[in-house]
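Chemist: Sharing a structure, written as structure tokens. Questions coming.
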Amino acid sequence: MHFQLGKVKQPNYILYLQERIYESGCNQRYAREMRVESRIRYQGYSSMPEYPKGVSSDEEKNMQESETKALFSVIGMTCSACAGSVEKAIKRLPGIKEVAVDVLKDRTQVIFSPSSVNEETIRQTIEDIGFKATLIEETANEKCIWVCRIRIVGMACTSCSGAVESVLKLVPGVQRAQVALATGEAEVKCDHKLLSCKELLQAIDDIGFEAIIVGTGESRNKIQLKVDGLCNENNVQMIVSSLEGQPGIQDIQVEAELHKVSISYLADVTGPRNFIRVIESTGSGQFKATIFPERGGRGTHKQEEIIQHYNSLLWSLVFSIPVFLTSMIFMYIPVLKDGLDMKIVNMLSIGEVLRWALSTPVQFIIGRRFYAGSYKALRNGSPNMDVLVALGTNAAYFYSVYSVLRAASSPNFKSTDFFETSSMLISFILLGKYLEVLAKGKTCQAITKLMDLAPETAILLTLDDEGNVTKEEEIESQLIQKNDVIKIIPGAKVACDGFVIRGESNVNESMITGEPRPVIKRKGDAVIGGTFNENGVLHIRATKVGSESALSQIVRLVESAQMAKAPVQKFADRISKFFVPLVVFLSFSTWLAWFLAGKLNAYPKSLIPSSMDSFQLALQFGISVMVIACPCALGLATPTAVMVGTGVGASQGVLIKGGQALESAHKVECIVFDKTGTLTIGKPMVVETRLLKSMALREFYEMVAAVEVNSEHPLAKAIVEYAKKFREEEESNVWPEVKQFESITGQGVMAVVRNREVIVGNKRLMLKKNVAIPVSAENFLEETEGFAQTGILVSIDHELVGVVAISDPVKPAAQEVISILTSMQIKSILVTGDNWGTAHAVAKEVGIGTVIAEAKPEVKAEKVKDLQALNFVVAMVGDGINDSPALVAADIGMAIGAGTDIAIEAADIVLMKSNLEDVITAIDLSRYTFRRICLNYIWALAYNLIAIPVAAGALFPSTGICLPPWVAGAAMAASSLTVVCCSLLLKNYRRPKKLDALELQGLTVE
């Protein structure tokens, strides 16, 4: 789910965002987290006022009464970048109050002032940036939307993928369709009530491509079980009835012929072991259920494709090599030449018959894929490379057949055949395809490696009521359910996401986060599935399994990123539409020009090879032009680089959400940083206490902690944790009872403790409650702000008794990162909701010159838009819910991996290690990848611009150089392979050496 948030007038903007979540049908987990975050962010000392400065509550009410809400259907949005574009375009209009974009449902809700703008203007604005917009009315019944992933076999170039994408978009009920040529997969978002996956498969099949379902559903866990004993319809009904009675099951699909049962379920309620138990207890134990063996996965499919190409190449060479030898080599060996020139009928020789017989299987059996591809392409009106190959080889083959038949019927005609041209041309193209599929397989290794991180088995523990282990059992990792206790032995992989309930060990998380140093895990610490346990035994309780696990989410994120097209890909898409027709025209024009030149004696007859006449020479030039042109190189230039680039980023802990984010990041000129949790570590701690009255420090913190324990604000937690140090001898931390607790948003808290009124908060709260602040306290507050600390005032019975200084240390590498960004000509700005003194102190420490403090979330977003209005390409780096509006408004949003789910969802790039150094890595990787894409395009264009004239005979009159068609075919195959290999060189990317120097200095934050 993707959320956009504009200026919100209510004092608690989180409540507004919760409403938007419920209205847009977001899942309940996010809503729960939002409610928790609302308490965390606003029960304490934020310096943000209740209303914007200068706006009274009455004025606020009048402003709200003049607002109108409109809902638009926006077709064409594919990712967060698209949502950001829509949001930014709408917010530039006058009178816009709020914008909420739901990418998954293709809807945009706008709250605006009707006196400044109307619905039609908003709709036209959306269409002006390239999306189809329609004004709709909100309906109570939301559609059942899900995503279907389909593997498509037979796509050769961008014309093929474009044809499939166009057909899918025309299917009723399809909201969005994306087809990735490099992965051979399609992602379709559709209304499950209006169509089924079979209809999508049929639509693809109707245009001549084979389609296989890879996965379906949205935000659901799904397990596939193999059920032995499933013999008839009665068995099926029996199992379905038993399963339907279980809570948490959403969908059941049975394929009786495969003994396969697919179950979609809610992981919070049930799990696969329950299903197996229910199935095996049904029908007097006649059924046996196990995990269905996976077939046709990504790796299996790639391997099958490689084997298929290899076999085709092998058989092609078996026939083509003898054809080549008889036409090119044996003709220079006198004994063999005499035998091959022996006449059978009239002028028909044994060599010609032999070449005809050997080349025919290559042309029509091994090369049938080109006929099938050509038929599909022409039927869809999108001619591709297969059309060029089929035309070229057919021209050579059928002219040769004509020549041979005429020689057989004439005592005087001496034939010249091109059988070696057609057979060798097909062989070289198959060789190129084989090498290309090998190379393309390597571009998908990032996902394959991620999927391989999950262990196959896990040790399940059964505990008694006292927490003692009563049973150990090895199970398949797919059978793990939420709240299971799993044992992780030294040297084993962590089987699922969870937290440690017993044990201590070092866990290597480099495969997920990219952080090379092992992390110590103790009781209560979170662990990630797929990481490596090094030296101790851990007992963990499973919290996220199946599709909810961090590993599954990362895989889906990388897959979606590789599906999304980069804007620069549109260049290749535009060229591919007219490339093949243009090449066919040039090929025919080349043949005609050389043929007429020969008839008109426009060039010396001595230039014509002794074995040809002018017609045959012209035909050779025409065929060479036909087969040397390569649309595939252009089509592969961007997607292969994006695939490798996003994979490299994932391996280094930088998750890039698609080609647009990868492309846009290289243009960044200005970065807006949040403070807490971004520039600072995000773990505040008490660093100093100043008592203004005579009282014991323990008594002071007893009173303060009793009040603060009721707040979830980070500063309150820091005070409570510090207060516990005075009670280390006590086993339980039970604080004095409080009465009349009250939280004052943005100012602090107050309560009655032991019949005394305790107020804990900032200076504004003390002044509001008429608590006098002595000069010594004022001076101490100034000192704390100078050291980038936050001063918390404490009063008891309306008398100020102490000041607590809390510090959130700056991340060790922050200053060096800002310095490196400056050297990269990137401007850095600090925007925070904290007070001016602390904000300036932090900015000074890290080297940032521009500071905006006491900024509400909408103010952060407005600042981003102000910078964009000055023609800056802006990136925003943040970690909290209050950063999400700015993350969306920015051209590139970067979320700290340790931040909230909402911030991560709103961002275009996720920094898994939570290290600021990865901001530089993301930008540098983007620049490196974009340079590679440009290099690919330069090569692809230069190849075609140079190769086509050479193949057309541009050098022949002056140098006598001409390219035989089979050589032209080899050049064409090599061009695609070169582009893929050039993209694969991205795997050698290394982050800037300056960052390695920071690690050596021990500045990396763990």
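Any Cβ shown, glycine's included, is placed from N, Cα and C.
According to TrEMBL, the protein has these features:
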- 68-134: domain 'HMA' (DOMAIN)
- 146-212: domain 'HMA' (DOMAIN)
- 221-287: domain 'HMA' (DOMAIN)
- 312-333: transmembrane segment (TRANSMEM)
- 353-371: transmembrane segment (TRANSMEM)
- 383-402: transmembrane segment (TRANSMEM)
- 422-439: transmembrane segment (TRANSMEM)
- 578-597: transmembrane segment (TRANSMEM)
- 617-637: transmembrane segment (TRANSMEM)
- 937-957: transmembrane segment (TRANSMEM)
- 963-986: transmembrane segment (TRANSMEM)
Chemist: Go through 312-333, 353-371, 422-439 and flag the stretch with the largest number of C-beta pairs under 8 Å relative to the transmembrane segment (963-986).
Modeler: 422-439
Chemist: So, taking each listed stretch (312-333, 353-371, 383-402, 422-439, 578-597) in turn and counting its Cβ pairs to the transmembrane segment (617-637) that are under 8 angstroms, which one gives the highest count?
Modeler: 578-597
Chemist: Give me the DSSP three-state residue breakdown of the domain 'HMA' (221-287), ordered helix, strand, coil.
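Modeler: Looking at the domain 'HMA' (221-287) with DSSP, the answer is 25 helix, 21 strand, 21 coil.
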Chemist: Do the transmembrane segment (353-371) and the transmembrane segment (937-957) come together with 3 or more C-beta pairs under 8 Å, pairs six or more apart in sequence?
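Modeler: Contact criterion not met.
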Chemist: Would you say the transmembrane segment (937-957) and the transmembrane segment (312-333) are in contact under the rule of three or more C-beta pairs closer than 8 Å, pairs 6 or more apart in sequence?
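Modeler: These two stretches do not touch.
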Chemist: Tally of helix, strand and coil residues over the domain 'HMA' (68-134) according to DSSP?
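Modeler: Grouping H, G, I as helix and E, B as strand yields 22 helix, 24 strand, 21 coil.
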Chemist: Determine how many residues of the domain 'HMA' (146-212) DSSP places in helix, in strand and in coil.
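Modeler: Summed by class, the stretch gives 23 helix, 25 strand, 19 coil.
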Chemist: If you average per-residue pLDDT over the domain 'HMA' (68-134), what number do you get?
Modeler: 79
